[in-house]
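This report concerns only the one structure given below.
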Amino acid sequence: MSKASQQNATTEANGISVIHTPAHTSGLQQVPQLVPVSPGGGGKAVPPSKQGKKNSFVDRNSDEYRQRRERNNMAVKKSRLKSKQKAQDTLQRVNQLKEENERLEAKIKLLTKELSVLKDLFLEHAHNLADNVQPIGTETTTTNPESAGQ
């Protein structure tokens, strides 16, 4: 019996073929092999940041590990400071805008009062002018003493 005839391949819905081979005579349990169906892989794409990384154990006492940790710690500290500064800047801007808003609201009140006073003044003046104007047909002629003698 050839090895090819002993293998049994099945394709599942997720696009991966599972190849089942008969168990060895040593009594070990059979473990299926996962093989991509298409040449492109058929599964999820691996991000570039994860492609070149090794899954090996890193010695925590090594200089390389210490340097990476220090760089990472500095980056985290810098990121947190930047975030904190951004929050403080935003809070400061909010306070500036609140103060400006209060100042503008006070200016609106002042200008509204001024407008009201000027309106009243204008209406009073217009009313006085209307009272002083006489209709055209009711004008009285006054004689000017200087022109009458000449």
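Residue numbers in this text run from 1 along the chain shown.
Note that Cβ sites are derived from N, Cα and C of the backbone, with glycine treated the same way.
Note: TrEMBL annotation is automatic and uncurated.
Record features, source TrEMBL:
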type     : residues : note
COMPBIAS : 1-14     : compositional bias 'Polar residues'
COMPBIAS : 23-32    : compositional bias 'Polar residues'
COMPBIAS : 56-72    : compositional bias 'Basic and acidic residues'
DOMAIN   : 62-125   : domain 'BZIP'
REGION   : 1-91     : region 'Disordered'
In the predicted model, what is the mean pLDDT computed over the domain 'BZIP' (62-125)?
97
DSSP residue counts for the compositional bias 'Basic and acidic residues' (56-72), split into helix, strand and coil:
10 helix, 0 strand, 7 coil
